[in-house]
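Below: one structure, written as structure tokens.
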Amino acid sequence: MSRHFFTSESVSEGHPDKIADQISDAVLDAIIAKDKHARVACETMVKTGVAIISGEVSTNAWVDLEKLTRNVISDIGYTSSDVGFDGATCGIMNLIGQQSPEIAQGVDRSNPEEQGAGDQGLMFGYATNETPTLMPAPLYYSHRLVERQAEARKSGVLPWLRPDAKSQVTFIYEDNKPVAIDTVVLSTQHNPDIKQEDLVSAVMENIINHVLPAELLTEDTKYHINPTGRFVIGGPVGDCGLTGRKIIVDTYGGMARHGGGAFSGKDPSKVDRSAAYAGRYVAKNIVAAGLADRCEIQISYAIGVAEPTSISIDTFGTGSISEERLVEIVREHFDLRPYGITKMLDLLHPMYQQTAAYGHFGREPFEMTVGDDTFTAFSWEKTDKADDLRKAAGL
């Protein structure tokens, strides 16, 4: 029997980098709600008392960027300088400019199916059958811990919590299957009047034991709750936040490879985002079809070129058919050109702020309505291709 450990981390919606991601995606949503064919690349920086919004946009839509930014910050829970940031009073700087026409000429086409990739690059998708969501267990439970932290804070279960938090979970694997949790780390911002011993017991009861299955916890499981002691100063006062700084948290927690491109603030013409979503869709359907226990797909592109420059698949020795045959089946059943991805996953809707905290993958698809627009968020998490893939594989 082989035995190893694997660790993943997550951060809360109040982490400075996640504030930036949520603002960038809120800007994207506001624009795409009015102009589905806008080109958006929005970058945000937050630091003590200020939010700087920059990037490139091509659209005729008007967005009240200041109001939008203030609402995002306040909704997260930053409503007072005592907490470390105040959405109502912080300074907001708008540095957004026009997209370069040289990029547009390489991407835009009269025939939309020939739309070129917005940049070169390589993207990965991954799935594993070790959790019901087909996500790696260490990341899945890390996300659930900080998601529960926000829920306990906002619902009043633990009203002395503040928005900034981080989690980390180490799993023990035996023969590549997760069997137990070795270590749990949870650091959460809090009001100054809560005692450390009270915080530890409340977090243990209302967050950790609320989220982590008892069968995965043992007498040897180690817990580090606010291991440095006080965590009163947090958010953008404690650290500068930037869009795109949590790409491993956003994806697979280090269990799969990453091409390096961030997601938030980018419209679907940017393959950094859309092709990574498509990669997850492909890998998840392969695993859901029973064609592999684990699957990682790499897709690559050249700027201005529609067809992927390469597609490769690794099933880590768990596949029921050859990887070469899997690539053939994927080419037959998935259109991985930029326009094809956008159409296949129905991406031209204002759904992206929903993705900007607690992971872009492993979430349940659900119906959203924004104005007159009704659509499915997290469409890349559907397993509607699994039966077709199984039949194509002859299983």
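Cβ from N, Cα, C; glycine included.
What Swiss-Prot lists as ATP binding site is HIS15, ASP164, ALA165, LYS166, ARG230, PHE231, ASP239, ARG245, LYS246, ALA262, LYS266. Under a cutoff of 8 A between CB atoms, and with a sequence separation of 6+ in the same chain, the neighbours of ARG230 (ATP binding site) are HIS190, PRO192, GLN196. Mapped onto three states, the DSSP output places ARG230 (ATP binding site) in coil.
The number of other Cβ atoms within 10 Å of the Cβ belonging to ASP17 (Mg(2+) binding site), over all protein chains shown, comes to 23. Under the heading Mg(2+) binding site, Swiss-Prot lists ASP17, citing sequence analysis as support.
Contacts of ASP239 (ATP binding site) defined by a Cβ separation under 8 A and a same-chain sequence distance of 6+ are given as PRO16, ASP17, in order along the sequence. The L-methionine binding site annotation in Swiss-Prot covers GLU56, GLN99, ASP239, LYS270 and is backed by sequence analysis.
Positions annotated as region 'Flexible loop' by Swiss-Prot, on the basis of sequence analysis: 99-109. Across all of the region 'Flexible loop' (99-109), the predicted model scores a mean pLDDT of 59.
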**Asked** What is the number of other Cβ atoms found within 10 Å of the Cβ of LYS266 (ATP binding site)?
**Response** 27
**Item:** Candidate with sparsest Cβ neighbourhood (10 Å radius) among HIS15, LYS246, the listed binding-site residues
**Value:** LYS246
**Message:** Considering Cα atoms only, can you say which of HIS15, ALA165, LYS246, LYS266 is the nearest neighbour of GLU56 (L-methionine binding site) among these binding-site residues?
**Reply:** LYS266
**Item:** Chain-internal residues, separated by at least six, CB under 8 A from LYS270 (L-methionine binding site)
**Value:** ALA41, GLY118, ASP119, GLY261
